[in-house]
Amino acid sequence: MSNPEQTLGVTPPISTTLPTDAEKRQTEALLKELRAQGTFESQAETDKRWAVLADLQRITDEFVKRAAQEKEPHNAILIRDARGRIFTYGSFRLGVYGPGSDIDTLVVVPKYVTVKQYFDIFPNLLVEMAPPGAITDLTPVPEAFVPIIKFEYSGISIDLIFCSIQSLRQLPDDKDWNLNSNNLLRGLSENEVRSLNGTRVTDEILALVPEEKTFKLALRAIKLWAQRRAIYANIMGYPGGVAWAMLVARVCQLYPKATSAVIVRKFFTIMLNWPWPLPVLLKNIEYNQSITRVAVWNPKIYPSDRNHKMPIITPSYPSMCATHNVGRSSMAVIQQELERGVQISEEIMLGKRPWKDLFEKHTFFTNGFKFYLTVISSGRTKEAQNTWSGFVESRVRVLVQKLELHPSIALARPFNKGYDRVHRCKTDAQVEEIQTGNLTYMVKPTDIAANGSAKNDSKVEVKAEIKTEDGVAREPTVPAVKEEPNDVVHLGTVPLKPEDNSVKPEANDYDEDKVKLEDIPEKEPELEIYTTNHYIGLQLVEGAKSLDLSREVDDFKAMCTSNDIFKAELMGLTIQHVRNFDLPDDVFEPGETKPVRPVKKKKRMAEGEHANGPMAKRQQMATAPPTIKSEH
């Protein structure tokens with residue numbers, strides 16, 4: 001923890017006033033509300049996380065020893081001293097994790113260990129050394145820009161990245177050794193620097209706030225607010241976890257004596273009035289270093305840096321912009337939410353409203369827009385869809401940027417999460433229906449858990465929650481068709497009849513009524529299709545009568561399908577426009593009201609004027625909704 005008397009940041013504090021009793025009470029109320037909102041996990045769950053990390057450290061040491069033995073099998077000293085280190089970064093290292101949070105983890109190894117060995121040895125070693133059945137959903141991703149192995153360890157989701165320190169023959173045998181020295185970056189590629197800087201940035205943030213406890217509680221509140229208001233996702237053009245952390249840290253620097261409640265209140269005021277594109281800095285940027293070739297953020301030199309609309313700069317060398325994805329529409333949405341935050345937090349501090357009002361859920365689907373685009377990526381296997389949907393998700397913001405340039409669009413707001421769905425059908429024609437947004441063949445999540453997928457996968461990802469749920473073994477079931485009120489057909493389940501244990505005569509070869517195997521009709525095989533839908537809300541300029549998005553849609557599809565990842569026989573991509581009253585039911589939570597189709601009111605015609613006359617035509621033009629064309 002930093003010295004409270006030390007001046008932190010690039011400017012002096014705005015206020016060093018000590019907190020009042022009322023501000024302390026509001027902080028206690030904030031803590032109580034955050035607990036009620038379920039943002040804290042139990043001590044037992046936290047202890048489990050530390051036990052998993054201890055196991056990963058043990059596995060990492062063994063991995064490095066095996067890599068050393070493979071590299072120099074006769075070098076006993078190298079093998080004896082071989083060791084690696086596990087570091088965390090992100091929300092866990094910041095101390096603001098909650099129930100179900102993953103652990104962002106980094107494996108650091110000596111220079112002789114290669115990334116190829118990481119993917120050749122480490123996955124098998126995980127399964128070998130972990131308790132039986134502890135490792136599930138093991139997915140190495142060597143082709144990623146930052147090489148990563150994803151898996152679950154005893155139900156805890158782990159994202160494990162890798163970095164080989166080229167300046168160290170062996171890692172120090174010192175439990176307090178850290179990654180703070182810039183010299184550790186020597187000889188590293190850009191992706192290796194990014195891997196190492198996850199931990200370095202997290203540590204710097206904690207070192208640059210006056211009071212860790214105050215910072216962490218305030219950050220929990222801002223994270224919950226941003227998630228509930230659907231403005232939390234770097235990949236979709238909103239600030240991610242580290243960016244929100246740096247904004248809160250900057251406010252803590254400006255009010256070093258304030259309580260967490262005051263920090264939250266000041267956060268909204270300071271950030272709403274921030275003179276963007278002036279960057280948010282926690283300390284001065286380190287220039288004129290010759291340690292790595294990775295560029296330091298510098299808008300005076302790099303035109304791309306000058307285009308950043310909301311630059312929030314990481315404190316660790318080499319400093320980078322954590323919000324380069326923020327576009328015009330997402331920034332406008334953030335400003336709207338900050339305005340709402342200012343109003344509500346002011347009333348909270350005056351005792352007129354409770355903290356829970358700040359954390360009310362967004363209205364993106366219920367009352368946000370009349371018109372939406374939905375980007376639908378599809379795959380014929382779960383593996384293909386995992387790869388394809390992740391790629392398409394990373395490109396949705398490019399489509400948003402194109403939409404923002406359209407003269408009839410005032411705002412194009414992407415929702416911050418995608419919706420993963422599973423469908424079962426029998427014909428290629430039905431597959432095409434699914435790929436264009438038809439939900440008739442969608443399988444309910446409960447049915448997936450009960451029956452398992454067509455490939456006996458035990459898990460189905462639900463990206464709206466960003467977590468996965470274990471499939472639970474059920475009694476044998478058979479599919480049944482259930483008609484829903486909205487005419488969407490789902491596959492339900494009905495239990496098999498209980499086994500009849502009464503004594504029956506044995507069948508013999510002379511039974512005339514015996515059912516022969518060839519008489520049983522073969523069950524038609526089912527196709528299982530995976531889809532991910534991303535929704536973009538469209539706000540049109542006043543007076544817009546039609547909107548042709550064919551060029552933007554075709555360009556986006558061509559960009560995605562021309563990538564080597566795309567396999568036409570396994571993957572699909574379509575973009576559809578949707579009215580708010582046609583949104584699928586599963587984007588609404590219980591208690592939310594789905595928009596309904598407006599009822600057209602007949603207007604009274606002027607006396608003596610025919611229904612098809614000039615007055616009627618003018619009324620129709622004034623009331624008719626704009627026509628949106630998204631595909632040829």
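Quick reminder: no glycine exception, Cβ is built from N, Cα and C everywhere.
Keep in mind that what you see is a predicted model, and the values were worked out from it rather than measured.
Now, the feature entries from TrEMBL:
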- Asp102, Asp104: Mg(2+) 1 binding site (BINDING)
- Asp102, Ile103, Asp104, Asp159, Lys223, Tyr232, Gly241, Val242: ATP binding site (BINDING)
- Asp102, Asp104, Asp159: Mg(2+) 2 binding site (BINDING)
- 1-19: compositional bias 'Polar residues' (COMPBIAS)
- 9-209: domain 'Poly(A) polymerase nucleotidyltransferase' (DOMAIN)
- 214-361: domain 'Poly(A) polymerase central' (DOMAIN)
- 363-596: domain 'Poly(A) polymerase RNA-binding' (DOMAIN)
- 1-22: region 'Disordered' (REGION)
- 589-632: region 'Disordered' (REGION)
Query = Rounded to a whole number, how many Å is the Cα of Asp159 (ATP binding site) away from the Cα of Asp102 (Mg(2+) 1 binding site)?
reply = 7
Query = How big is the gap, in Å, between the Cα of Tyr232 (ATP binding site) and that of Asp102 (Mg(2+) 1 binding site), rounded to a whole number?
reply = 16
Query = With every protein chain in view, how many other Cβ atoms are within 10 Å of the Cβ of Asp159 (ATP binding site)?
reply = 18
Task = Compile a sequence-ordered list of residues in the same chain as Ile103 (ATP binding site), six or more apart from it, whose Cβ lies below 8 A from its Cβ; state 'none' when nothing qualifies.
result = Arg49, Val52, Leu53, Thr88, Phe92, Tyr97, Ile156, Ser157, Ile158, Asp159
Task = Round to the nearest Å and give the CA-to-CA distance linking Asp104 (Mg(2+) 1 binding site) with Val242 (ATP binding site).
result = 12
Ask   = For the binding-site residues listed here, Asp102, Asp104, which shows the highest count of neighbouring CB atoms within 10 A?
value = Asp104
For the domain 'Poly(A) polymerase central' (214-361), the number of residues DSSP places in helix, strand and coil = 76 helix, 4 strand, 68 coil
Task = Give the distance between the Cα atoms of Val242 (ATP binding site) and Asp102 (Mg(2+) 1 binding site), rounded to the nearest whole Å.
result = 15
Request  = Write out the long-range same-chain contacts of Lys223 (ATP binding site), meaning residues 6 or more apart in sequence whose Cβ is under 8 Å from its Cβ.
outcome  = Ser91, Val96, Tyr232, Gly241, Trp244
Key: For the domain 'Poly(A) polymerase nucleotidyltransferase' (9-209), the mean pLDDT of the predicted model   = 96
